[in-house]
Structures are given as C-alpha cells and as structure tokens.
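Undergrad: Take a look at what TrEMBL says about it:
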ACT_SITE  Glu325  active site, proton acceptor
ACT_SITE  His326  active site, proton acceptor
BINDING   Tyr126, Gln188, Asn211  NAD(+) binding site
BINDING   Ser236, Gln258, His261, His326, Asp359, Glu413, His418  substrate binding site
BINDING   Gln258, His261, Asp359, His418  Zn(2+) binding site
Amino acid sequence: MRQYNFSDLSISDIQKLISRNADLGNEIREKVEQIISEVKVNGDAALKNYALQFDKIELPSLFIEKEEINQLANTISEEVKQAINVAYTNIKKFHETQISNESKIETTTGVTCWREVRAIERVGLYIPGGTAVLPSTFLMLGIPAKIAGCKEIIVCSPPQKTGSINGYIAYVAQLLGIDKVYLVGGAQAVAAMAYGTESIPKVDKIFGPGNQFVTMAKTLVQSTTNTAIDMPAGPSEVLVIADETANPVFVAADLLAQAEHGVDSQAVLVSSSASIIEETLVELEKQINVLPRKEIAAKAIENSFSVLVTDLGQAMTFSNEYAPEHLILATDYWQSITPLIVNAGSVFAGNLTPESAGDYASGTNHTLPTSAYARSYSGVSLDSFVKKITFQHINESGITNLGPSIEVLAEIEGLQAHKNAVTVRLLESKG
Ligand SMILES: NC(=O)c1ccc[n+]([C@@H]2O[C@H](COP(=O)([O-])OP(=O)(O)OC[C@H]3O[C@@H](n4cnc5c(N)ncnc54)[C@H](O)[C@@H]3O)[C@@H](O)[C@H]2O)c1
Ligand SMILES: N[C@H](CO)Cc1c[nH]c[nH+]1
Ligand SMILES: [Zn+2]
C-alpha cells in the first residue's frame, strides 16, 4: 500500500489517485467490441464458444429450468437457507419503503399534473460468477425487480465447473420465483441481453456488477442499442476515513473485505492519525495471510494507498474527490461529518458498522457505482426498475387560464403549429 501525506499532494497527484486504474481501458474495449460483434452475428453458437474459451466448459444447453433449479436448491444446508432468508427479508423491507407515492398537483387553475409508475417490462440481471459466485447480488437485483413488477426477468450468470449454477444461486432463484437461469457470463452475456440470441431475449435494461469486461460491455451496448444499463458497477472499492477513535483491526478487516473481490479492487485509507495508519498496515499483513484469497487481496492492496490528513474535514475533502463506491466512517464522531458527504455510493457510519453488512444482509443495495461514478449515479434501488410517466389533464378553465402564455411562448420560438394547437381550443371554448 502506497502512503501519501495530503499536504504534499499536488492537484495532479490527487487527479492521478482518483483515476484508479483507468489506463486499462483501450485494450479491454477492443476485446469487448470483438465479443459483442461475434454474439450479434453468431448468437447462441458464439455464447457456447465463449463458455468453452473463458469458462472452460462445454455447454449442451445455455440455460437451466425449474426442475433442475429446485433440485440444486435442495442441496444446500438449512443454515445457509436461513441466512439467505434473513438477507431476503431485510433487503425486501428496505426496498419496499421506496415504493413511491406522489400526489397530483394543480399547477394553476384547471391544469393538473401527476406521475404514474410503470415497471420496466423486460430486465436482464447479471450475476457475477467468475472468481466468486455472488448469490447476494442475485438478491440485490431480483428483489427490487420483483417488487417493481417487471414482467420478464432474464438472469445470466457464468457456468460453473459443474456445467450449471451452484445451489445458492438456485435457492435464490427459487425464493424469487425465477424459473430459468442462463449459463452465460462476461461481456458475451451483456451482448446477448442487449441484442437477443436464439435462446436469450433482448431486454430493455441490463443490471448488475461485474469485472472490467462486463462493465465495458454494458457501457458499449448502452451507446449502440436501445437497451439501458443501471450504471457502471465495476471492480469493488472502499475508502475508510479513520480517526484516533478507530480500531485498526476493524479498519484492516474492512479494507481486505473489498480487496479480496479482485486484483483490480481498491482499498483506500484516509486518516488523521499517523499511528492508526501504521497499526492498520501491520494488521493488514497479519490478516491477509490467513485469507484463502490472499493472492488476490495482496495484489489489490498493492494497488491501493493511504493518505494522512490533518482532520476529518480534510479527510472528507479527499473522499468527495475520490467519490468511493463504499465510504466507511471509522470514527465515533461520524455524525459530525455526514453533512459534509457529497459523493459516495453507500455510507457505513461508526466503528461497529462493517461494509459487509451492506454487501449481504442489512437491507441496502450493494450494486453501486464505482470508478468515481458516485459523483453522478446512485446505487440500484426500486427506482432503477421503473419509469415514472408524467400525465396532465387540462379542463376548460385551465386552457383559458394557461393558453395565452403558451401562445406567446410558441410565438417567440417561431413554432406556429404549437401556438395553433392552443388557439383552436381557445376559439372552441369561447364558442
Ligand atoms: N460495484 C458493485 O456493485 C459490485 C458488486 C459485486 C461485485 N463487484 C465486482 O464484480 C466483479 C466480479 O468479477 P468476476 O471476474 O469474479 O466475475 P464476472 O462474472 O464479472 O466475470 C466472469 C466472466 O468474465 C469473462 N472473462 C474472464 N476472463 C476473461 C478474458 N480474459 N477475456 C474476456 N472475458 C473474460 C468470462 O466470461 C467469465 O465468465 C469483481 O470485480 C467485483 O469487485 C462489483
Ligand atoms: N462488495 C461488493 C460490491 O462492490 C458486493 C458483494 C457481494 N458479495 C460480497 N460483496
Ligand atoms: Zn463485497
């Protein structure tokens, strides 16, 4: 982990730190463009070839259905089912609070405006399954999709060594009432959902996190098809703000929790205490050695850094520039700095709040913007699965009241037909 002192950093140093590993872009873009065009032209055949090439599996069928899903779901222990049920309940509770209930407004006499919510009809959920299979991501995407009432929910996840999905993914599918899962991963899954293949229907919007191939594919199909995406949700990252009240054992554990996701993950420590930084570095060494994914975590930590700041205010300045996917406030004084937060995907407040809680089971969604997209995007929520359609109704007093203003505005824009659409009604209502 590289170490910096905030007061020694120039603006361009800060820009460099904030850019993460953006220089990987071009090479990955070319590869992903190639995958997308192959899927567009050769459909299912291309998907089977990529399963062989990247996942090392020969697939007789690109999907599994209800019977096999139920059999696989039965293979998991009661203890795991219970834990998944706890997560399911909390995530559902939190997302149900997001059901919107807007009222109609009469903006001026006789003119009523309102919005009505409609579910996006066909959604595609990408559940990562490369270096780790993530049933938790299935909960995070499937629950709001179901609450929203999406008619068709297409689920893609990379095939496992068994040529199928694992029992945990199957159990979540069963809980959500999803009867089909496509065994397709990576950029090819995104291409399939954006263009459609013989087996996989084209969807209106693609959701879900993934590695750099998945994230690049989402970004590309968004600009070349009419399929939307949730957001760029790439390699996981965390920024921990720690003061002298922080516990270095907890801080190191939180940094490693995101570092173990992938070699391209970033774990950033911003602290007003030099000794907390030192002790955390020692803890990192200790804790990393017992991790099964220690090689991955070690690479990510190597690509990560710490910044020594003068106080919590300066820590927040850096954090807002970095715009982390996850922001942990490892301080007893967290309430004093939450008003200063401008950019973050999700915030974990106080020393007893591990980021893992949000990853799994507290209720908030873990599909969040990475690579500084937290500056402009929110994480996935119920809103991501719906459209809000505006309506208006104008009665006779409304057109009499508002019509003349519309006529003037149309006139100054030189749009006579717009003006006429009002004038003919005004003439009619005057009799
Ligand atoms: N931002 C978020 O909200 C969030 C949430 C969960 C996970 N994540 C991130 O998701 C990522 C999951 O990545 P993963 O790799 O484990 O799973 P993944 O499912 O995203 O990717 C696996 C697929 O990548 C493709 N692939 C692998 N190597 C390739 C290559 N050389 N060329 C082309 N395609 C290739 C294969 O098709 C494989 O099936 C991690 O980076 C994790 O940090 C982010
Ligand atoms: N931390 C990931 C989001 O960046 C989500 C996740 C899934 N499982 C564990 N963690
Ligand atoms: Zn995680």
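Residue 1 is the first one shown; counting continues down the chain.
Note that Cβ sites are derived from N, Cα and C of the backbone, with glycine treated the same way.
Note: TrEMBL annotation is automatic and uncurated.
Quick one: how deep are these features, and who are their neighbours?
TA: DSSP assigns Glu325 (active site, proton acceptor) to coil in the three-state reduction, placing it in neither a helix nor a strand. Of all Cβ atoms in the protein chains displayed, 30 besides its own lie within 10 Å of the Cβ of Glu325 (active site, proton acceptor).
For His326 (active site, proton acceptor), the count of additional Cβ atoms within 10 Å of its Cβ stands at 25 [all protein chains shown].
A strand conformation is recorded for Tyr126 (NAD(+) binding site) in the three-state DSSP classification.
Listed in sequence order, the residues of the same chain lying 6 or more apart from Ser236 (substrate binding site) and placing their CB within less than 8 Å of its CB are Pro209, Gln258, His261, Gly262, Ser265, Glu325, His326, Thr370.
Using a 10 Å Cβ-Cβ cutoff, His418 (substrate binding site) registers 15 neighbours.
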Undergrad: I'd like to confirm something. Which of the binding-site residues, Asp359, Glu413, His418, has a Cα closest to the Cα of Tyr126 (NAD(+) binding site)?
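TA: Smallest Cα separation from Tyr126 (NAD(+) binding site) among Asp359, Glu413, His418: Asp359.
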Undergrad: Taking the Cβ of Asp359 (substrate binding site) as the reference point, list residues of the same chain whose Cβ is under 8 angstroms away and which are at least six residues distant in sequence.
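TA: The answer is Ser136, Ala257, His366.
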Undergrad: Taking DSSP three-state, what's Asp359 (substrate binding site) in: helix, strand or coil?
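TA: Its secondary structure by DSSP: helix.
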Undergrad: Any same-chain residues 6+ apart from Glu413 (substrate binding site) with CB under 8 Å of its CB? Would you list them in sequence order, or say none?
TA: none
Undergrad: Under a threshold of 6 Å between Cβ and any atom of ligand 3, which of the recorded positions Asn211, His326, Asp359, Glu413, His418 are retained?
TA: Asp359
